[in-house]
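First the structure, in the form of structure tokens, and then the observations on it.
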Amino acid sequence: MPAAALDPGLLLVLAVMLPATGAVAALALPGRWAGRIAFGLWPLGLAVAVAVAWTVWAAGAPLHYAVGGWAPPLGLMLRADGPSALMLLVAAIVIGAAGLYARADLRPEPGATESRAAVVFWTLLMALWSALNAVALGGDLFNLYVALELLTFSAIPLVCLGGSAKTLQAALRYLVFALVGSVLYLLGTALLYGAYGTLDIVLLSGRAGPEPAAILACALMIAGLAAKTALFPLHLWLPPAHAGAPPAASAVLSGLVVKASFFLIVRLWFDVMPGLSTAAAANLIGALGAGAILAGSVMALRQARLKLMIAYSTVAQIGYLFLMVPLLFGVPQAEIAANAAWSGGWLQLASHALAKAAMFLAAGLIAEAAGHDRIHGLDGVGRAVPVAVLAFTLAGLSLVGLPPSGGFAAKWLLLSAAVATGQWWWAVVMILGGLLAAFYLFPVIGRAYADGTAAFARPRDARSREFVVLALAVAAALLGLSQLYPPGLLRIGLGSGLAGAGVP
Amino acid sequence: MTAGIAVDIGLAALVAAMALWTILVRDAYAAVIGFIGYGLLLALVWVRLDAVDVALTEAAIGGGVTGVLLLRAVGALHRGAAPLEDGPPPGPATRRIAALACAAVAAGLAFVVLGVSGPAPTLAPLAAEHLPATGLKNPVTGVLLAFRALDTLLEKVVLLLALIGIWSLSPDGAWGGRPTLGRPGRASDTLRFLAQLLPPVGIVVGIHVLWVGANAPGGAFQGGAVLAAMWILAMMAGLSPVPAIGRPWLRAALVIGPLAFLAVGVAGIFIADGFLAYPPAFAKPLILAIEAAITLSIAVTLAMMVAGPPQRPGAP
């Protein structure tokens with residue numbers, strides 16, 4: 001039926017299934033094809049992400065699609081609101097950059113039919129993209145569980161792609177944390193179904209009240225998702241995993257994967273259970289976020305290795321995201337999307353994704369030039385890979401929070417929300433976090449530009465890779481300017497018109 | 001009724017005891033045996049709850065395939081594979097914190113579940129009401145292949161990812177080569193006898209479980225697990241060679257299920273109400289065709305998972 005073929009909701013199906021199909025096809029075809037399929041799919045996937053964002057923005061309402069024609073509660077609904085569209089765009093950009101970078105890294109030896117690392121990387125990168133989109137678009141808590149599993153199983157093998165015992169150990173530790181997180185999430189999902197007879201997010205938001213089952217379910221799910229997000233003090237798995245993976249994988253893991261579980265925490269907290277939040281719970285989450293900022297920054301300061309320092313910086317930057325929760329406590333449901341803390345949180349998510357991906361890729365080039373990533377041995381590495389060091393510097397601006405970077409705009413919005421609501425203690429933590437970031441990042445940049453006696457080699461294909469890294473870093477550094485043209489995309493929430501969100 | 005309650009209480013006590021044994025026993029081999037027993041007991045619990053589909057899956061996957069995987073892991077450790085050094089083993093404080101966290105979750109669940117008054121809300125009547133549109137008679141298959149087909153499709157991709165994850169652990173030189181399963185040429189006579197006796201029966205049972213799944217408990221996952229078990233048996237006994245992971249027919253068998261599912265899903269956009277929708281007149285044959293394809297893929301995926309990462313180069 002032609003009308004169905006023109007349903008714009010099919011864009012959501014494409015966003016999830018296009019990369020998933022690519023991953024399956026890559027397994028079926030000879031190994032050389034895995035990379036080609038990924039590169040063929042990437043422009044299509046990017047176009048789908050742009051089209052979804054455009055459609056949501058132009059309509060001013062969420063886009064939705066009932067899979068198989070079965071409406072909730074029986075069937076599954078895919079939904080895109082403003083934050084989903086943002087996630088789709090950020091994922092497409094970072095995946096593309098990681099892919100372009102990895103093309104030089106993973107080029108098979110001449111004569112080899114397929115290499116283990118290349119086939120595994122490309123297949124999992126596509127599966128991971130599908131999983132991220134499924135997390136952003138899922139409208140049903142069990143469908144989101146499947147999306148999380150897809151994400152976990154595509155992310156973990158990337159950690160030990162290098163094959164050393166050390167990375168295998170890091171991957172196993174990640175697996176334990178991630179699986180405990182999955183089990184807790186699944187327990188909560190089962191409890192919610194038992195209590196309310198539906199798993200659809202929008203239907204649940206109308207039915208769930210402050211009953212013991214809902215409170216326990218929410219606590220279990222948020223705890224499980226926090227373990228997957230590496231929220232302090234559940235962050236122990238992250239530094240070895242993100243520091244040990246190949247650069248392109250680290251960029252995706254640190255930039256995108258931990259954001260997906262955070263995205264679901266926001267969904268649960270603000271869309272499914274708006275009535276459940278109490279001041280104590282909101283402040284506990286805020287306190288863990290503050291703990292992450294301080295502990296992560298101090299640990300980053302103490303690292304002797306570049307990649308570990310960047311990984312600890314991820315622990316700290318994740319903390320800022322969680323400050324959204326206490327800063328939006330008490331704000332009426334209808335006004336949340338217009339609040340500075342809401343825009344600030346999402347901007348932090350986007351700018352950290354771009355900046356951290358750029359930083360890990362830049363660190364990859366720096367480590368390749370130096371042959372190691374010990375910070376005290378990097379004096380003068382800027383002469384071998386000048387553009388990579390420039391990108392590292394620009395990404396650093398965003399992490400520290402200097403204008404006009406996305407990190408600056410995000411932290412400014414969060415700070416102003418803290419001041420406006422009289423919660424100055426969160427503001428103090430944020431300012432301290434920015435200072436500490438400057439303390440651990442600027443010495444590295446200083447060393448890279450300093451004179452040194454060590455000999456550095458220019459890496460293979462350095463030019464094309466440096467360009468990719470610089471583009472990402474420039475995007476992160478200029479993201480703050482997007483605040484000058486508030487597109488209002490982020491204000492389109494699932495709550496903005498329940499009828500439009502596809503509730504029968 | 002009282003006899004039923006006595007059985008239930010006894011079963012619950014056994015499940016709890018088996019779980020405790022699995023955690024407390026010091027020997028890894030004994031713990032795995034405990035885990036397999038736990039899976040089989042849990043299957044009985046599902047039967048008592050009238051969830052025969054879940055029981056079959058729990059027995060096949062929770063008890064069977066996972067059990068074999070764990071036994072192979074323990075075997076590898078006994079043969080002297082170097083265990084990963086991950087710092088000192090967890091101290092008493094860590095153990096106590098873990099135990100407390102588990103106890104807190106259990107207590108919270110008990111509080112909530114025991115506090116429920118009246119029957120829990122359910123979608124079962126709604127599923128039953130719409131089942132005729134699928135041509136099926138087993139509502140579980142209706143949920144898996146029609147109402148929530150996207151979940152099932154993505155789960156099939158997850159299964160493939162798990163296999164890729166296992167393969168990714170192979171040494172670089174062995175990529176595309178053969179996994180090692182059992183000790184080639186040194187299988188015991190008993191194993192060889194079983195591997196000749198069981199597969200003809202098992203293959204029929206597996207296909208039967210798949211076929212009846214449309215109308216009665218059963219389906220692709222359970223049927224696939226039985227077929228996988230038969231193939232594993234034949235490979236372990238050395239009667240059937242373990243294929244190199246680069247073999248085109250193997251790759252085709254792995255992906256045919258998800259690809260067939262996807263193809264029917266996309267066709268639904270043009271011949272039915274949308275992605276993963278079935279035209280009512282052909283719903284049942286299409287669903288059976290998808291199930292047949294995913295049964296094959298599941299069987300091959302599970303068997304290759306048990307076989308593990310390739311260890312030696314094979315013919316490309």
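For all residues, glycine too, the Cβ spot is worked out from N, Cα and C.
Pulled from TrEMBL:
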- A:12-29: transmembrane segment (TRANSMEM)
- A:41-65: transmembrane segment (TRANSMEM)
- A:85-104: transmembrane segment (TRANSMEM)
- A:116-136: transmembrane segment (TRANSMEM)
- A:139-433: domain 'NADH:quinone oxidoreductase/Mrp antiporter transmembrane' (DOMAIN)
- A:142-162: transmembrane segment (TRANSMEM)
- A:174-193: transmembrane segment (TRANSMEM)
- A:213-238: transmembrane segment (TRANSMEM)
- A:276-301: transmembrane segment (TRANSMEM)
- A:308-329: transmembrane segment (TRANSMEM)
- A:349-371: transmembrane segment (TRANSMEM)
- A:424-446: transmembrane segment (TRANSMEM)
- A:467-485: transmembrane segment (TRANSMEM)
Same-chain Cβ contacts of the transmembrane segment (A:213-238) under 8 Å, 6 or more residues past its ends?
148, 152, 170, 173-174, 176-178, 180-185, 187-189, 191-192, 194-196, 258-262, 264-265, 268-269, 272-273, 276, 285, 288-289, 291-292, 295-296, 311, 314-315, 318-319, 322
Contacting positions for the transmembrane segment (A:424-446) when only residues 6+ beyond its ends and CB under 8 Å are counted:
286, 290, 293-294, 297-298, 300-301, 303, 306, 309, 313, 316, 319-320, 323, 326-327, 375, 378, 389, 392-393, 396, 399-401, 411, 414-415, 418
Looking only at residues six or more beyond either end of the transmembrane segment (A:308-329), which have a C-beta under 8 A from one in the stretch?
229-232, 235, 238-243, 250, 254, 258-259, 262, 266, 269-270, 277, 279, 282-283, 285-286, 288-297, 299-300, 336, 339, 341-342, 344-345, 348-349, 352, 356, 359-360, 363, 375, 399, 410-411, 414, 417-418, 421, 423, 426, 429-430, 433, 436-437, 440-441, 444
Counting only residues 6+ away from its ends, which parts of the chain sit with a Cβ under 8 Å from the transmembrane segment (A:41-65)?
7-15, 18-19, 22, 77-82, 84-86, 88-89, 91-93, 95-96, 99, 126, 129, 133, 139, 487-489, 492-494, 496-497, 500-502
